[in-house]
């Protein structure tokens, strides 16, 4: 038992936790802004943001205050009742998007599960039971529930769990003819990330997204945008779909919405919501007052012109620093993404070295992520300072000098 262990170390994980993860060799114990400290007091500059989650950095003072205040009032009452923070948050999300209805949950997977169920239920009720095909894309990622992992286009995550849910097909990302070859009148939805995250930080082409929208209209299929990773300011717009001037029928968000506190949301229209009756779907913890009070504050802070312009400026600064690094090392073939979701594409021959590079960065005090086989992913706090960017890039440079 944990109580008998005098010292908690990385080895404790190997003894206690189901090995679905392979954590770093150090254990963070404290965070503030874009900095983390481990058990030994070593400081790190965090360019991972908890995988695009800590939108306002670690332990933001406003969120800490809101959490303390709400924790003294009400934690949980279940959805037998509604609550004020949930209704205030729903109103803010609706007023800043295409949507008119919101469903709250706890994770991105739950938000997507709700979206996929909603699409099938709506199509069955409005059209017929055969209209249940969902089209997704290879190299996509939509969560770890059995339904969402099957919709995601990566067999390594969905194989060996038995028969998969039927009527799920995959097309090639950014190739419209691949979609045209499988979409038909039995398609209930097309789901896509506007920037494929796990697939390597690959943005969707504007023309591709617009043609997908037209195909969905043609076949009476719903268009679902999975903005779990891109939503709430990550791309310098509140939602990434604003860059494309294309509206979805259903939108899912999570990660940055709670800046580290578990919350997600599925947004849709009154027309689609009209088929839903009490009991069709639900959640125990979704929309709880604690999560919603924090998310409301996050949206208040992020959803301003000045803040979102700041995200774009920070993105340009990071890319400028990366280009300076690349002039010295010739490490990257491409830097892609939008806002503060950045993919650094390594030369193909360096793909086998990516984990060695990550460890070198850790040792130098910089935390980054991977995305696919040869992409380093940066998804820092949206409030990361210029000082932290410059210092982080200096450490990045030093790490590469030592490992290459």
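Note that Cβ sites are derived from N, Cα and C of the backbone, with glycine treated the same way.
Per Swiss-Prot, the features are as follows:
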BINDING   108, 109, 141, 226, 227, 228, 229, 284  pyridoxal 5'-phosphate binding site
BINDING   144, 283  N(2)-acetyl-L-ornithine binding site
MOD_RES   255  N6-(pyridoxal phosphate)lysine
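What Swiss-Prot annotates, mapped onto the structure for a quick look.
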residue: 109; record: pyridoxal 5'-phosphate binding site; DSSP class: helix
residue: 141; record: pyridoxal 5'-phosphate binding site; DSSP class: coil
residue: 226; record: pyridoxal 5'-phosphate binding site; DSSP class: strand
residue: 255; record: N6-(pyridoxal phosphate)lysine; DSSP class: helix
residue: 283; record: N(2)-acetyl-L-ornithine binding site; DSSP class: coil
For residue 108 (pyridoxal 5'-phosphate binding site), find which of the recorded positions 144, 255, 283 come within 10 Å, Cα to Cα.
144, 255
Name the residue among the binding-site residues 229, 283, 284 whose Cβ has the smallest number of other Cβ atoms within 10 Å.
284
Expressed to the nearest Å, what is the distance separating residue 109 (pyridoxal 5'-phosphate binding site) and residue 144 (N(2)-acetyl-L-ornithine binding site) at their Cα atoms?
6
Starting from residue 229 (pyridoxal 5'-phosphate binding site), work out which of the recorded positions listed here (144, 255, 283) have their Cα within 10 Å, and give them in sequence order.
255
Hey, of the binding-site residues listed (109, 228), which one tops the CB count within 10 A?
228
How many Å lie between the Cα of residue 227 (pyridoxal 5'-phosphate binding site) and the Cα of residue 255 (N6-(pyridoxal phosphate)lysine)?
9
Measuring Cα to Cα, how many Å separate residue 283 (N(2)-acetyl-L-ornithine binding site) from residue 226 (pyridoxal 5'-phosphate binding site)?
20
Express in Å, rounded to the nearest integer, the largest CA to CA distance found among the pyridoxal 5'-phosphate-binding residues 108, 109, 141, 226, 227, 228, 229, 284 named in the record.
25
Using CB atoms and a 10 A radius, I'd like the single residue among the binding-site residues 226, 227 with the highest neighbour count.
226
Which residues does residue 144 (N(2)-acetyl-L-ornithine binding site) neighbour through Cβ under 8 Å, counting only same-chain ones at least six apart?
109, 157
Please report the number of other Cβ atoms within 10 Å of the Cβ of residue 108 (pyridoxal 5'-phosphate binding site).
27
Judged by the number of other CB atoms within 10 angstroms, which among 141, 255 is the least packed of the recorded positions?
141
